[in-house]
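Asks: When I checked TrEMBL for this same protein, it listed these features:
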TRANSMEM  16-35  transmembrane segment
DOMAIN    19-310  domain 'ABC transmembrane type-1'
TRANSMEM  64-85  transmembrane segment
TRANSMEM  142-161  transmembrane segment
TRANSMEM  167-185  transmembrane segment
TRANSMEM  250-275  transmembrane segment
TRANSMEM  287-308  transmembrane segment
DOMAIN    342-577  domain 'ABC transporter'
Amino acid sequence: MKALQYLNKYFFKYKYRLLIGIIITVASKFLALQVPQLIRQSVNIAEDYTNGIVSDLPIVKAQLLNNILLIVGAALLAGFFTFLMRQTIIVMSRLIEFDLKNEIYQQYQRLSLNFYKQNQTGDLMNRISEDVSKVRMYFGPAIMYSINMLVLFVVAIIKMYNIDPILTNYTLLPLPILSISIYILSRVINKRSTIVQQYLSKLTANAQETFSGISILKSYGIEHKTMVEFGTLANEAQDKNINLFKAQALFFPLMILLIGLSNILVIYIGGMRYIEGTISLGVIAEFIMYVNMLTWPVAVVGWVTSIVQQAEASQQRINEFLKHEPEIKNNQEQPSTIEGTIEFKNVTFTYDDTNITALKNVSFKLEKGKTLAILGNTGSGKSTIINLIARLYDVDTGEILIDGTNIEQLNLNNLRQNIGFVPQEAFLFSDTIKNNIKFGDENASNAKIEQAAKDAYIHHNIIEFNKGYDTYVGERGVTLSGGQKQRISIARAIIKNPNILIFDDCLSAVDTETEEIILNNLHKISRNKTTLIVSHRVSSVKNADVIIILEDGKIIQKGSHNELVNIDGYYKELYEQQLLEKEI
Ligand SMILES: Nc1ncnc2c1ncn2[C@@H]1O[C@H](COP(=O)(O)OP(=O)(O)OP(=O)(O)O)[C@@H](O)[C@H]1O
């Protein structure tokens with residue numbers, strides 16, 4: 001129950017709803033428990049009449065009718081209260097489910113990039129959906145039936161002891177056996193349920209990955225292999241599920257067996273005591289009713305225990321994520337103004353998971369409003385510099401200063417709001433082109449959206465689509481070409497109008513003519529903005545104020561285009577080679 005303690009705050013939040021629910025439940029059970037008593041009285045009246053103790057038939061009939069009316073009235077009221085009980089407690093569980101999902105979602109938003117690399121999307125989805133559903137069962141049915149059972153048990157047993165303690169002892173004899181069996185079974189169910197949830201996460205993650213990469217799978221013709229892998233995993237999950245259900249299936253037969261035993265005991269011991277003249281016939285009828293009224297609550301003990309065990313297992317998985325502290329924290333609550341001067345001072349950075357030192361003692365300074373271009377072979381650390389400026393990671397040694405302040409001391413939201421980032425792989429949401437561009441500025445007018453698209457040299461393509469800016473982009477923008485996606489991604493960054501613009505090799509999928517047009521536009525837009533361009537092409541970087549060349553995480557050359565073409569080295573070689581390619 002340790003993991004579930006985390007949820008006590010929600011009980012506190014909805015305490016009034018819970019309290020009303022409890023009162024209603026108690027009232028409904030009190031009413032239901034009036035019925036066996038009335039049955040006893042009715043049987044006794046009939047017995048007294050047959051034994052000749054009472055001889056006035058009209059009085060007997062009137063008493064019986066009175067009892068019947070009371071039984072119907074109590075049953076109707078109990079039913080109405082049961083309806084109200086569901087309205088309060090089950091509705092409370094739905095509200096808590098909603099709150100918990102929001103809490104997890106907000107935590108997902110806070111978590112750093114590293115967390116997403118370590119955990120699969122399917123698993124994240126599973127915890128926020130499947131696991132939360134299991135936890136909801138604890139708030140709703142488990143609590144409702146527990147209160148139900150507790151009231152029935154306490155009230156019925158007190159009543160039974162008051163009538164005949166000896167018969168009650170015999171009737172309740174099978175209960176300790178039941179409790180022990182339930183306890184043992186619940187432990188088994190808990191273990192198996194955790195395994196089932198883990199397999200469900202694996203299955204979801206596998207399916208999610210397959211659907212995301214479906215075009216690759218199809219083009220490589222490996223659908224069959226993927227199906228076999230999925231099939232194997234699904235079979236394993238099925239086995240684990242069957243194991244779980246085998247344990248769960250034992251519950252009801254066990255309950256029915258032990259309740260049946262109680263019934264036999266009531267009839268046998270009750271019959272003997274009736275013959276002895278210790279109890280009336282009505283008591284046997286009343287006890288049989290109690291035993292049967294207790295059947296469901298006793299059966300529910302097992303069910304509730306397994307719900308609580310499963311909820312505990314699920315909440316443990318949810319807590320793992322909720323308690324995960326984001327590595328990148330906002331250390332500055334006060335707003336920070338970002339103008340755009342960027343300085344790297346002896347920055348060294350190693351990726352935790354791969355242990356690759358991507359940057360080694362890198363230093364440079366870029367004044368506000370200037371353009372820096374970064375060139376270098378693949379894997380030399382270009383994107384890493386960009387990632388560090390957006391504070392997707394924190395540096396190991398050295399420091400990054402923005403306008404003279406250490407980046408870790410700036411308000412994280414303000415920093416990211418001031419960066420327009422175009423990643424290497426353009427990502428578009430399943431939404432219209434317009435909304436994909438507007439993502440950079442929620443309040444942008446149509447004119448502003450069009451201007452951004454014109455600057456990114458994509459407007460002429462968009463208006464050719466049947467629905468223009470309202471064209472729906474499929475998941476990951478599958479209906480657009482790579483170059484079109486890149487340009488929409490550029491428009492999204494431009495419309496944000498940030499002080500720092502970052503283009504991470506985002507013109508790789510467009511031809512050199514288009515590149516030239518976009519670069520000219522960007523030159524105008526980014527006049528007063530600090531701009532970083534990562535590229536493999538000299539044509540993209542030649543107008544930059546400073547160009548740095550990276551090799552294996554170190555800066556090996558630094559200077560303007562004119563300076564670097566006159567020095568032997570990487571840049572000059574690249575320039576000559578690309579010049580030659582152009583001529584060919
Ligand atoms: N998210 C990551 N986790 C772990 N290691 C990474 C990660 N990203 C990059 N690396 C490693 O860090 C090194 C530098 O990568 P980086 O992406 O900065 O290079 P790059 O110059 O941008 O390459 P490219 O031109 O291919 O985009 C590489 O060796 C890469 O394997």
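Numbers run from 1 along the shown chain.
For all residues, glycine too, the Cβ spot is worked out from N, Cα and C.
Curation does not apply to TrEMBL; its annotations are automatic.
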Asks: Report the mean pLDDT of the predicted model across the domain 'ABC transporter' (342-577), rounded to a whole number.
Replies: 86
Asks: Given a Cβ distance threshold of under 8 angstroms, which distant residues of the chain, six or more beyond its ends, lie next to the transmembrane segment (142-161)?
Replies: 18, 21-22, 25-26, 29-30, 32-33, 36-37, 85-86, 89-90, 93, 167-168, 171-172, 287, 290, 293-294, 297-298, 300-301, 303-304, 307-308, 311
Asks: Short question: which residues 6 or more past the ends of the transmembrane segment (287-308) have a Cβ under 8 Å from it?
Replies: 1, 4, 32-33, 35-36, 39, 134, 137-138, 141-142, 145-146, 148-149, 152-153, 156, 159-160, 163-164, 167-168, 171, 175, 178-179, 182-183, 185-186, 189-190, 193, 248, 251-252, 254-256, 258-259, 262-263, 266-267, 270
